[in-house]
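K.L.:
What Swiss-Prot records for this protein is below:
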| type | residues | note |
| --- | --- | --- |
| ACT_SITE | 303 | active site, proton acceptor |
| BINDING | 346, 352, 382 | Fe cation binding site |
| BINDING | 361, 382 | homogentisate binding site |
C-alpha cells in the first residue's frame, strides 16, 4: 500500500510552528485543516463553519480539578454517533485483559526471546500478543503489556480503546498512526501515546514492524515531579509533539473495532471516521523521542534508584505509588567512584516488565536481546548476572559512556500475571535463572 497516496488533508497550528506537530506536554492546543474551521470565543456555535458538527471528547470527569481536567472539542464531518452502528462481539485473537488467569506456571523470574516476524499477513489488531496483565480493566486500575507483530497496514479498518490509553514502543520498523486528531509517525527509540476513546488505524512505513505496547487502564500518563532536581532534565515538555489536524472526506465502507470491558466489538460504517477538520483542547495523542531524554545520575558515588529514569507516570490514588511508571535506560555516563555501577541486587514491592529496543543492557549482557523481554514480579529477587558482577567488581573505575543502548521498563504496583501465550509460545527461556548460578560464596570472616 502506498501510504503517501492516502487522501488526508493536513492542517496547521494557529502559530504555524513545527509543520505536522505542535510542541508541548498537556498544552491546550488548537489546530485546523481548513481556515476558519475553529470557532472563536466559543465551543459550540449554533452553526459550525463548513457544515461541521461540534463534539466534545472528555478524558476526565467534568468536575475533575482544573490541573487534571482533560477534554478536547472536535469539529468533524459527522458526529461520532454516526460511527456506532450495531456492534457485534468478535474474536480477540491473542489480546487479553486483566484479570486474566490462564496458566499454572510457578512464580519465577522470567525472560523471553524476541518473537520471529511471522510470514502471514497480520494487521495491528491481528498482531497483538498479550504477555502480562495486572489489576482489573473494569475498575480502571492496572495495565497490560503486549508485543505487536505487524506485516500489513490496516485498510478500511479503524479502532479505538475504551479500556485504556495505549503506549506504542517500536523496536523494529516504523509506524504511521492515522488518528482523528492528526497523523503521528514513529520509529524505534520513539514512543506514541493514544488516549482512550480516540479512533485510529495503524499503517506500516518501511516494512514489517515489531514492538511493545503498554495498555494503561488507570490514570493518564503524565510527567513525574522533578522535586529537588528542579525545572530541567529528564523528559522536557517541549520535546513532546502533538499532531496538527488532518482529515479524510472518504465515503467508502470501513470497519470500526472497539475494545470495551475486555472484549472486542466491530461495526460497519459507510465512511471513514477520520473526519475531524479542526480541534482544540488538551486531550490528544502525542509522540516523544526517547533520545531527547536528559538523564540525571550519581556524579560522586553509589547507584541511584531506577525511578530517576522515569519518563512518564500513571499515578494511583496512593501518593508516590504508581499505577505504571515508564522508565528508560538510555545512553549515559557512568562515573561513580568506589561504586558497584550496574543496578544492584534487589527485591521490590513493584512488578517490573522490561524490554530492549536496541543495544546491550548493562546488568544483563547475555540473554536479554533486542525485541525480547523479562519479568521480575513483586518480591522476587533479581539483579546482575555473574558476568556483569565480575566485570563491575573488578573493572577499572574510569568514566565510561554507555552508548548504543535503549532499554525500558513498565513498572506497576500490581502483580503481573503471565498469559498463556507468554507461557507456551516457545519464547520463554527455561534457563534464565541459571544466569545467577555462577555467583559463589565470597564471604571470608578473616579478610575484611
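Backbone N, Cα and C define each Cβ position, glycine as well.
From a predicted model like this one, the values you see are computed outputs, not experimental measurements.
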K.L.:
Among the recorded positions 303, 346, 382, which residue has the largest number of other Cβ atoms within 10 Å of its own Cβ?
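P.N.:
Highest number of other Cβ atoms within 10 Å: 382.
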K.L.:
Just how many other Cβ atoms lie inside 10 Å of the Cβ on residue 352 (Fe cation binding site)?
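P.N.:
That number is 21.
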K.L.:
Express the distance between the Cα positions of residue 361 (homogentisate binding site) and residue 382 (Fe cation binding site) as a whole number of Å.
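P.N.:
Rounded to the nearest whole number, the Cα-Cα distance is 14 Å.
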K.L.:
Between residue 303 (active site, proton acceptor) and residue 352 (Fe cation binding site), what C-alpha distance do you get in Å?
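P.N.:
So the Cα of residue 352 (Fe cation binding site) lies 18 Å away from that of residue 303 (active site, proton acceptor).
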K.L.:
Quick check: with 346, 352, 382 left out, which same-chain residues have Cβ atoms within 8 Å of the centroid of the Fe cation site Cβ atoms?
P.N.:
343, 347, 348, 376, 380, 381, 383
K.L.:
For residue 361 (homogentisate binding site), just count the other CB atoms lying within 10 A of its CB, please.
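P.N.:
Total other Cβ atoms inside 10 Å, all chains included: 23.
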